Amino acid sequence: MSITLDLSRASASATTPVNLSGLTRDELRQALIDAGICPPEKARMRASQVWRWIHHYGVTDFALMSDVAKDTRAALAEAFTLARPEIVERQVSKDGTRKWLIRMAPGIEVETVYIPDVGRAGALCVSSQVGCTLNCTFCHTGTQKLVRNLTTAEIVAQVQVARDDLDEWPSPKEDRRLSNIVFMGMGEPLYNLDHVANAIDIISDNEGIALSRRRITVSTSGVVPQLNALGERTAAMLAISLHATNDPLRDQLVPLNKKYPLDQLMAAIRAYPGLSNARRVTFEYVMLKGVNDSPAEARALIKLIEGIPSKVNLIPFNPWPGTDYQCSDWKTIETFAAILNKAGYASPIRTPRGRDILAACGQLKSESEKLRASARLKAEREAVDAA
């Protein structure tokens, strides 16, 4: 049974047109029928046309759909929308990393980051929630209270915004700059699995953006009951935000561990659908000075993940305002990596990217949380009244 927090009430008013970018193929076909755009016998063909314009060509105006009849385009424009969300701020790091602060609705903002030269060409780090419930003590997002889940359209929109900025339409194949998607932004993806899974279906469709599911990675702090469902529904690559090798320390760093301790988590990982040497789990391990970075911890990590096809990403801690944690020194990180490598585990040390614009791992935090709840709700009511 899916665990998806019902926190989407503020995402749109009843009068807001449906954004077709967030509909799966089946949902799009049914939406066209329900709106009277076409009869059921023509819905599959019409949906395929519209789909390609949205997800292959990236259009935001129905009038540009040149192989669709004019009256049909007008009907689509009256019933639906393809509008992109507002880009509140765009920042570019000295290393080429790009970060967008995107406003999905009044008071609803998320950060999305493009990192060049990661994966085959470049990776987009997308958010699944506004804020987070997990309160991981080393993570900046964890200091922002959860506002709500993102909808499928809002997740897909992050990819569209990045592709707009990277000039990636129509969908390129071999020369694309955005080659990988990582659900490592704001929020816990497995607490919004329905929308995350639908977004992956859309992003990976061969007649649209066409990103292979093997180039889509979902990172979780360990919502154990949802791990199998993630694999079955998405066939995405799995990353585990681990950071500790024993329950007392992980309880402190990742409080979700109190609910799903390491023995349960590791058992669920070993049962992950499709797990093999070709589809390895990535364990993420942030290096915290004097906390989890000793040689003894490295040896304990080897024992913990024994027998699991996996690699370990060692992440130098990225500082953020107000944190008491410090990054391990480079020699300590290299020693830790060498112990893992000697045991046969690939353990790349992640190069910090985008630190100067607070776009690095663990640094994301949207400005929307600065609004008091009353101010946010007021803004939402005003938006409804204006619609």
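Glycine is no exception: its Cβ is also placed from the backbone N, Cα and C atoms.
There are 26 other Cβ atoms within 10 Å of the Cβ belonging to Glu111 (active site, proton acceptor). According to TrEMBL, the active site, proton acceptor annotation covers Glu111.
Residues or ranges marked as active site, S-methylcysteine intermediate in TrEMBL: Cys361.
DSSP assigns Cys132 ([4Fe-4S] cluster binding site) to coil in the three-state reduction, placing it in neither a helix nor a strand. What TrEMBL lists as [4Fe-4S] cluster binding site is Cys132, Cys136, Cys139.
Secondary structure at Gly187 (S-adenosyl-L-methionine binding site), taken from DSSP and collapsed to helix, strand or coil, is coil. As annotated by TrEMBL, S-adenosyl-L-methionine binding site applies to Gly187, Glu188, Ser219, Ser241, Leu242, His243, Asn318.
In the three-state DSSP reading, Glu111 (active site, proton acceptor) counts as strand. Between Cys139 ([4Fe-4S] cluster binding site) and Ser219 (S-adenosyl-L-methionine binding site), the C-alpha separation comes to 14 Å. The separation of Cys132 ([4Fe-4S] cluster binding site) from Leu242 (S-adenosyl-L-methionine binding site), Cα to Cα, is 17 Å. For Cys132 ([4Fe-4S] cluster binding site), the recorded positions whose C-alpha atoms fall inside a 10 Å radius of its own C-alpha are Gly187, Glu188, out of Glu111, Gly187, Glu188, Ser219, Ser241.
In the three-state DSSP scheme, Ser241 (S-adenosyl-L-methionine binding site) falls into the strand class.
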